[in-house]
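Report on the structure given below.
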């Protein structure tokens, strides 16, 4: 599949993984790394059993328990029977098929998209899949990573390949300087608000430009994490020194000579000059304000200093009704009941540090519940080692144990019906954080500022007064 | 599925995400059966588990094997449970002007046709169903065309790749196909330019 024509990062990685290409057929794409968790794997394991076959590559398969786990008293058995059964089924399946599993109590346990990168399993140039749409997170390393359904989980388990139509390529360039207090989360919420929740459908998106290159690995992961929220199959960012520095020395990163060879290969991956994209969008970083969503999909977001826009369709109107918001209503000043800082979007150590730095010496507003949920055991350990837990405790913030937590209503952490939650997670869908819950997506900084004030504020003004 | 003719259930909402099709709290099963009972659970039932009268699945007026939905159907979570719920409920085809990618793949992998039609055709279909709930849609997979019964002069052609078309028509299995490529896959593994440590 080699050619002299300039190629994109995405094309280089995709084409080097095609086992078979036939016209009018999907590509047979080889998968380097398969992450599994308790929710989307049991039916696939049943499929293997029914066929009487083994897992194709156990060495390339990694399991963790995250969606159903409680974030309190993880040393005790899971109280909810169905959740417990699903996690136990994962343990049984991984045992039977020989899969490495970081279950509850393991020092590497955590949200699948947090542990892959922090363990160095996620690497540039790889193809990575998981039965979870936010697998797009791993694209931050210059890998092709995307979410798959359970039938495809079974495809990968049985053959290490999956049938995929090659998506079109889009480039989103964010150039220039970000204002103070603007984070990766604001960048991606801004882009989705411009492109809509379906603007990236059919595409794999390369994020580029000085504002993207200037992000840390954590920030890049936040951006790629939410590429699925514009409908894109995944996001990808060219690997560079920031990527290599992040990976060096991690548990499963290549070592010694293998490291040098790997870096040399990774340096060949970025998009060639002159390579073409099927679509391209360019944004100025300076235009981006702290973003907050007001509706029921992540594309329904505005700058914090804006007001709720006029609904354009019956679906938009329905969204405002669900949210209990009116057109023309200011975002600033909106009282909130819950603050959730966590999820595969924003539960990395950098997110927790940013929150701690902001709230140090401050207190949460009365009547607001604040949940800080680290993305993994390692993040939790690091946060405690740095004393962040004490800062949170003084502020009245609750530091819980790792898991998907209040991002989705599968575990015990739910936002009650009608309540407003400012959340660093990725989805504001109806009922996502619990039936009737009203979610406003924002950055960890904006969420922390709302926790302290009891309502939404412009974090830029708060930083100016520090 | 070569040819289907059915009345339709209209769901005139855009950006229907898979959290609405099947909320997360119903994803705890470890088998594929029974998800239809909770299809659109929070739009279909109130907090006391009583059917919400004006939701379309609770109206006797609308029945059929075809669900017609607004654009960007199936966005959000990759949960295949959404396709299982739609199939288990009895839908064989979902019509929209636009589907989210993962949902589209999941549907095809479960024998459900995500039928992509133009905005104009979708609008006409909604109008016809609202005017007359006995409106039927005919879908011919072989010729890749769909039309509203009685409006054969306005056939909508749709795209589907040859492989998926063959799978839908023959009930063919992706995994059988991949397992038949064992040698090619082994060859790829031994030849690839770069081998990852893990």
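Note: Cβ is positioned from N, Cα and C throughout, glycine not excepted.
TrEMBL does not curate its annotations; it predicts them automatically.
Going through A:344, A:421 against TrEMBL, the one listed in the [4Fe-4S] cluster site together with A:404, A:407 turns out to be A:344. Spatially close to residue A:404 ([4Fe-4S] cluster binding site) yet at least six residues away along the chain are A:66, A:67, A:69, A:111, A:343, A:344, A:410, A:411, judged by Cβ distances under 8 angstroms. For residue A:344 ([4Fe-4S] cluster binding site), the count of additional Cβ atoms within 10 Å of its Cβ stands at 28 [all protein chains shown].
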